[in-house]
Amino acid sequence: MRIILLGAPGAGKGTQAQYLMDKYGIPQISTGDMLRAAIKEGTPLGLEAKKVMDAGQLISDDIIIGLVKERITKADCENGFLLDGFPRTIPQADAMKENGVVVDHVIEFDVADEVIVERMGGRRVHPGSGRVYHVVYNPPKVADKDNETGEELIIRADDTEETVRKRLGIYHEQTMPLVDYYQAEAAAGNTQYHKLDGTQAVDAISKQLGELLG
């Protein structure tokens, strides 16, 4: 069960990734985690990546693909894996294909921009404990105060409307073309493509995923 999750930041991919990992016993492969592990282990690719990062440059797709190929040969990927946040661009998707990284299912979480802005913009955090509230979906008992301590809640910089819209802009420009790419791959019989309404309740989406993937 090799799965790619697609969807804008705040579309609920992280929540469902956890469900899929638990249900199918597969690891989530994050490029950030892979990079850190390879650098720590001092693998040839890790050393190469460290050199690039130390020079303040961006890691090339070649290095990332190399890390993905290395990672999916490990024992915990025997039953499959889950990719979230990669590939982000068409060249990365092409490189994966050229390197023989096969994917069984691509799942898109479809959520309108305005819903994401409301979802993320409504988050409030208690800095001391990390407790997260939402002004609409999970409001504190007293507005802008933590339930346990009564201390002020804050809006994280990542959740301001301006930042959220900027991230959505990057997503539409870079990652949205992957929707067409993988739909074409599915039409050619190379993978299965599933588009889910990401505004449904978490449990409803999990149930749908379970039915789709079997």
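Glycine is no exception: its Cβ is also placed from the backbone N, Cα and C atoms.
As annotated by Swiss-Prot, ATP binding site applies to Gly10, Ala11, Gly12, Lys13, Gly14, Thr15, Arg123, Val132, Tyr133, Gln200. Taking a C-beta cut-off of under 8 angstroms and a sequence separation of 6 or more, Gly10 (ATP binding site) has the following same-chain neighbours: Val111, Ile116, Arg119, Met120, Val164. Following the DSSP three-state reduction, the secondary structure of Gly10 (ATP binding site) is coil.
What Swiss-Prot records for Thr31, Arg36, Gln57, Leu58, Ile59, Gly85, Phe86, Pro87, Arg88, Gln92, Arg156, Arg167 is AMP binding site, and it gives sequence analysis as the kind of evidence. The DSSP secondary structure for Arg156 (AMP binding site) is coil. Taking Cβ-Cβ distances under 8 Å and a sequence separation of 6 or more, the neighbours of Arg156 (AMP binding site) in its chain are Arg123, Val125.
Residues 66-68, 70-71, 84-86 of the same chain, all 6+ positions outside the region 'NMP' (30-59), place their C-beta atoms under 8 angstroms from a C-beta of that stretch. Annotation comment: Swiss-Prot describes 30-59 as region 'NMP'.
Per Swiss-Prot, region 'LID' is recorded for 122-159, and the stated evidence type is sequence analysis.
Looking only at the region 'NMP' (30-59), the predicted model's pLDDT averages out at 88. In this structure, the C-alpha atom of Phe86 (AMP binding site) lies 16 angstrom from that of Gly12 (ATP binding site). Within the same chain, the residues at least 6 positions away from Gly12 (ATP binding site) whose Cβ sits under 8 Å from its Cβ are Phe109, Val111, Gly198, Val202, Ile205, listed in sequence order. Just so you know, of the binding-site residues Thr31, Gln57, the Cβ with the fewest other Cβ atoms around it within 10 Å is the one at Gln57. Nothing from the binding-site residues Thr31, Gln57, Ile59, Arg88 places its Cα within 10 Å of the Cα belonging to Gly14 (ATP binding site).
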